[in-house]
Amino acid sequence: MTEKFPDLPDLQPETLRVSGLSLSRGDITLVRDFSLDLAPGQAMLMSGPNGTGKTTLLRAVAGFVRPDAGRVVFGEGPKADSASELVAWLGHADGLKPVETPRQSLRFWAKMNDQGRDPILPLMRAMAIESLIDRPASRLSRGQQRRCALVRVALANRPIWLLDEPAGPLDGGGRARLAALVDWHRSRGGSVIAATHQSLDWPDAKRIDLGAHR
């Protein structure tokens, strides 16, 4: 699959280093002594049964959850320890209001990230949803909503993507589009961590089972 992706401002690629991270919920240990180094252009797929802490670990890397122990460092020098300008986050919610169209929603997110509107349609075309640009989100399928959310992530133009079950509601075609989007991001020096229950075909991606870190 060959897609035409838009020209966005150059990324400022950054490394990500996680050292000795431990996380718990109440008295239950979810993750123990987890470490990783992720360089620009790399991707990592985290797997594991429900309850192994995939979402909690992603949220800790994003700075939403304080770990029990360990450290998360982005880049080097003065930007170290700060995720605010480096991370694009995709959680379980797609961030679409039912009465809004993708055009309205994505224009809002583009403005929030100081991006122009021009990349919206090419990114929607790359995800094969350009014909839905003026359809209210309430009339989109879950898979179509997820594709819109992935466009939102790309519009942020951040070097590090943290994706929680990005392919959850996607069909085979959607997963292929997701793989192409991730490949484009990595080709620009971006990196990706994704938590997933599904087998995703991302070339050269690191794979880790969180069940080994409990």
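Any Cβ shown, glycine's included, is placed from N, Cα and C.
Quick look at what Swiss-Prot annotates:
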BINDING   GLY48, PRO49, ASN50, GLY51, THR52, GLY53, LYS54, THR55  ATP binding site
DOMAIN    16-212  domain 'ABC transporter'
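Features recorded in Swiss-Prot, as mapped to the structure shown.
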residue : record           : Cβ contacts under 8 Å, 6 or more apart
GLY48   : ATP binding site : LYS54, ASP209, LEU210, GLY211
PRO49   : ATP binding site : GLY211
ASN50   : ATP binding site : none
GLY51   : ATP binding site : LEU30
THR55   : ATP binding site : GLY91, HIS92, ASP164, ALA195
**Request:** Would you please pick out, from the binding-site residues THR52, GLY53, LYS54, the one with the fewest other Cβ atoms within 10 Å of its Cβ?
**Result:** THR52
**Asked** Using an 8 Å cut-off from the Cβ centroid of GLY48, PRO49, ASN50, GLY51, THR52, GLY53, LYS54, THR55, can you name the remaining same-chain residues around the ATP site, in sequence order?
**Response** LEU30, ALA195, LEU210
**Message:** I want to verify one value. Collapsing DSSP to three states, which class is ASN50 (ATP binding site)?
**Reply:** coil
